[in-house]
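S.K.: The structure that follows is given in the form of structure tokens.
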Amino acid sequence: MSFLTLKDVDLKNKKVLVRVDFNVPVKDGKVTSKVRIEAAIPTIQYILDQGGAVILMSHLGRPTEGEYDSQFSLEPVAEVLSQIIKKPVRFAKDWLNGVDAKAGEIVMCDNVRFNKGEKKSDDELSKKIASLGDVFVMDAFATAHRAQASTYGVAKYVPVACAGLLLANEIKALEKALKAPKKPMAAIVGGSKVSTKLSVLHNLLDKVEILIVGGGIANTFIKAEGFNIGNSLYEEDLVGEAKDILAKAKELGVNIPVPVDVRVAKELSENAVAVVKNVADVADDEMILDIGPKSERNIAELLKSANTILWNGPVGVFEFDNFAEGTKALSLAIAESDAFSVAGGGDTIAAIEKFDIKDKVSYISTAGGAFLEFLEGKKLPAVEILKEKATI
């Protein structure tokens, strides 16, 4: 990797500013998911072990920038972190004018979005943040696609900037899957809209041997193949684009197994009864809500041949058990595979948890937007600035 990581930097007696991703769900002042907090522990612990002081920064939710709002305060997060790491975590509500932190201490700064100029990476704000520490550690991959004061601007002005353990692992796993994959490679791109994943589909066409589409995206492809999809969710204006992708895939020898059978219902509800039909038999008043058993077997068979698997998005409305079979079959096929597998995106992580295959996926990305932008082949500003700093 062409940037410094935490392990390349002397941290003894240094004030270490760490941008973490503690954008966690908080309900009635209580943190309801600790996954992102737990993911940051190795970086925090490493700095403490090396004799540094830890000053943590994160955003939480979408408050009006520049205004304090108690419902978006990171104070409950500081309490949970303290319980997990079994050490005191000092909470700093007002921190821009200086943070007093000694070696071995942990300070949690309040929401970076309470600072005016955070989102546009205001220079004065970035300099102020940079003045708080000797070393800046970027460990929030989920916000790496945003050039903001606490992710990008601070790195420009601090003496030393490096990647945290989580960020470094995240990029290493994604580069292993995308830049030097062990072939054959399969990618699963699911979700409701082609429009949000269009660049991803195009970028992956040049890299994979198998491209599996699911969810509303698959409906658009089924329509592109000339079948009636009834009342199903799809994007009419992108049917032509789907045809182009299918034609390009054929040219490149990429296999896109468009579903041959589906599970349909008359309405989208938890109690709707799933009826299995061939794609040619979908009625006008029916909605495609999952793939069918033949399509499940096709996908499972294809994934057996893969040495690298990239997964982003479900293949059906898996939140409802009657339409979860396709995503369950996909999950189990990935779990049983010996391939190097990388999965990312909120719905994908929810599916991994639902079908209990967390330990069977090689790497699970905690990021949403940044994960997608990486798949699109875009550069991530907060990572690029670390590369620039490493060459200075």
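Every residue number used here counts from 1 along the chain in the order it is shown.
Each Cβ is built from the backbone N, Cα and C atoms, and glycine gets one as well.
Note that this is a predicted model, so its numbers are computed, not measured.
Here Swiss-Prot flags ASP21, PHE22, ASN23, ARG36, HIS59, LEU60, GLY61, ARG62, ARG113, ARG146 as substrate binding site. If you look up Swiss-Prot, you'll see LYS197, GLU319, GLY345, GLY346, ASP347, THR348 marked as ATP binding site, on the strength of sequence analysis.
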S.K.: Which state, by DSSP, holds HIS59 (substrate binding site): helix, strand or coil?
M.R.: coil
S.K.: Specify the count of other C-beta atoms within 10 Å of the C-beta of ASN23 (substrate binding site).
M.R.: 20
S.K.: Enumerate same-chain residues with a sequence separation of six or more from THR348 (ATP binding site) and a Cβ-Cβ distance below 8 A; give 'none' if the list is empty.
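M.R.: In sequence order, GLY190, TRP311, ASN312, GLY313, PRO314 meet the Cβ cut-off.
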S.K.: Any idea which of the binding-site residues ASP21, GLU319, ASP347 has the thinnest Cβ neighbourhood at 10 Å?
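M.R.: Counting other Cβ atoms within 10 Å of each of the binding-site residues ASP21, GLU319, ASP347 gives the minimum at GLU319.
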S.K.: How big is the Cα-to-Cα gap, in Å, between HIS59 (substrate binding site) and GLY346 (ATP binding site)?
M.R.: 18
S.K.: Of the binding-site residues LYS197, GLU319, GLY345, which one sits closest to ASP21 (substrate binding site) when you measure Cα to Cα?
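M.R.: If we rank LYS197, GLU319, GLY345 by Cα distance to ASP21 (substrate binding site), first place goes to GLY345.
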S.K.: Do you know which of the binding-site residues HIS59, LYS197 has the most other C-beta atoms within 10 angstroms of its C-beta?
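M.R.: Counting Cβ neighbours within 10 Å, the top one is HIS59.
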S.K.: In sequence order, which residues at least six apart in the same chain have a CB under 8 Å from the CB of GLY61 (substrate binding site)?
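M.R.: Result: ASN23, VAL26, GLN71, PHE72, ASN111, ARG113.
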S.K.: Let me check the 10 A CB neighbour count of GLY345 (ATP binding site). How many other CB atoms are there?
M.R.: 24
S.K.: Do any residues at least six apart in sequence from GLY346 (ATP binding site), in the same chain, have a Cβ closer than 8 Å to its Cβ, and if so which, in order?
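M.R.: Within the chain, GLY346 (ATP binding site) has Cβ neighbours under 8 Å at GLY368.
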S.K.: According to DSSP, which of helix, strand or coil covers ASP21 (substrate binding site)?
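M.R.: In three-state terms, ASP21 (substrate binding site) counts as coil.
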